[in-house]
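Working notes, structure below.
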Amino acid sequence: MSEQEEEGMVSNGKNKSNPKLTLLPLIALIFYEVSGGPFGVEDSVRAGAGPLLSLLGFCIFPLIWSIPEALLTAELATSFPENGGYVIWISSAFGPFWGFQEGFWKWLSGVMDNALYPVLFLDYLKHSLPIFNQTVARVPALLGITLSLTYLNYRGLHIVGFSAVMFAAFSLLPFLIMGILSIPKIRPSRWLLVDFKKVNWRGYFNSMLWNLNYWDKASTLAGEVEDPSKTFPKALLGGLVLVMSSYLIPLLAATGALGSSPSEWTDGYFAEVGMLIGGFWLKLWIQAAAAVSNLGLFEAEMSSDSFQLLGMSKIGMLPSVFAVRSTYGTPTVSILFSATGVIFLSWMSFQEIMEFLNFLYAVGMLLEVAAFITLRVKRPDLHRPYRVPLQTFWVAMICVPPSLLLILVMCLASWRTSMVSGVVILAGFVLYPALVHAKRRNWMLFDAEPPPSSSNGWQQQFSESKEVELVEEEKSLMQDNSKPDQQDLDLTWQS
């Protein structure tokens, strides 16, 4: 049996035991990376001092934020279909130092985001089970939920994807029913209510960004997706439609059918809306849906965070232990590392976490936009299975509004958030050279694989062109009656 046949059998065996993500599970994972349903949009009504700004925000912000970010992700994720996502994009555009910084900022913001979900899960359950208000029951429950969901991640990404589909169906169905039941009670004039004197602009913009960000997060799983060049663009489009529907239908139904004061719109208020529109059964369903949605959010975030660490390890940015996979194909150490971060950060308040992770996310996203445009200018021949159908100038223009929004969110951050974020950024500047030093001293084992320069297709074309160059050079040398030795050929190949 040839070596190629043996490698093919090994590869097929891996594919059978660790199936790739297909379109529907990837849509569900993107949905949970970005949204998870309308749970959490209540703050946008309260901060906007009425329904008008919230409804306008979820109609306008996707145009200036979600669609550009989704288009950027579709082009770069299909050009670099490797685990690690945006870390590889930045490394290709600006070098490994900035690629590491991007990974550090995004991983930390993701872990902080994930620390919210076990807490929110219990916050919804405590309305029906008050025992979870007590520390003696709450702390063990938080640890139990985190460990159980971490184990589910360990069992395989395809299980996480399938679970996300089931969670999404269960979580969104009660809001579809609520929307239908609310039709006779809707008064469109209620949608126009707003008191501009009471608008909390910092809370409003932070709420909008938090509910509409992380479109790029699924790119860290690109190496686990079946036919990513075709699947990713379709999944991002499907995710965009699903996210916007999950926000606008419940908001239009609740604010149009009820004349609630903006001050009543706090976390969990949709359960009360369900009670007023459909009855006690719908309230219980929405509470259960909120709890299940938080499980889906945790699973999707944990998968992306852990596979990001795996991708960084494979290109030599982190010790090779982060790339070790279980028999289920999941990065065991990376999952445990991310879960530990979740446990240590779960003590922070919701508002603190949201503002802090938004700041780090904004810094990282600005770097992604810069890399996107840089690669368009410096690498026009880069193999792009999906390409945004615009010239580079117009691509840069559609990136201006989201960039301004990111800068605005950073400017509105509190001084405490700015200072803590500055410390985190400086920590990344110190951590990278420390890891490089450890690698040179052989204190830890690192993979020697360099960051991919493009997709597999481009790499194959590049290798083929190098082979052609070697053949031509060898022919030339033979014509000169000077046969090169093996060392000369090796040096030529390395060059």
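Even glycines carry a Cβ here, placed using N, Cα and C.
Copied over from TrEMBL:
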COMPBIAS  473-486  compositional bias 'Basic and acidic residues'
REGION    473-495  region 'Disordered'
TRANSMEM  21-40  transmembrane segment
TRANSMEM  52-72  transmembrane segment
TRANSMEM  84-101  transmembrane segment
TRANSMEM  137-154  transmembrane segment
TRANSMEM  160-183  transmembrane segment
TRANSMEM  236-260  transmembrane segment
TRANSMEM  280-300  transmembrane segment
TRANSMEM  321-347  transmembrane segment
TRANSMEM  359-377  transmembrane segment
TRANSMEM  389-409  transmembrane segment
TRANSMEM  415-435  transmembrane segment
What same-chain residues lie close to the transmembrane segment (84-101): Cβ under 8 Å, and 6 or more beyond its ends? 76-77, 216-223, 307-308, 310-312, 314-315, 317, 364, 367-368, 370-372, 374-375, 378-379, 425, 428-429, 431-432, 435, 451-454
Assess whether the transmembrane segment (415-435) lies in contact with the transmembrane segment (359-377), where contact requires at least three Cβ pairs under 8 Å among residues 6 or more apart in sequence. yes
Contact call for the transmembrane segment (236-260) against the transmembrane segment (52-72), three or more Cβ pairs under 8 Å: yes
Among 52-72, 280-300, 389-409, the most Cβ pairs under 8 Å with the transmembrane segment (21-40) come from 280-300
Hey, which of 137-154, 160-183, 321-347, 359-377, 389-409 has the most Cβ-Cβ pairs under 8 Å against the transmembrane segment (280-300)? 160-183
Other parts of the chain folded back onto the transmembrane segment (389-409), taken as Cβ under 8 Å at six or more residues beyond its ends: 61, 64-65, 68-69, 71-72, 205-206, 209, 358-359, 362, 365-366, 369, 372-373, 376-377, 380
Six or more residues out from either end of the transmembrane segment (137-154), which same-chain residues have a Cβ under 8 Å from its Cβ atoms? 118-119, 121-122, 131, 160, 163, 295, 298-299, 302-303, 306, 326, 328, 330, 332, 335-336, 339, 342-343, 346
Six or more residues out from either end of the transmembrane segment (321-347), which same-chain residues have a Cβ under 8 Å from its Cβ atoms? 14, 17-18, 107-108, 110-112, 114-115, 118-119, 142-143, 146-147, 150, 153-157, 224, 302, 305-310, 312-314, 353, 445, 447
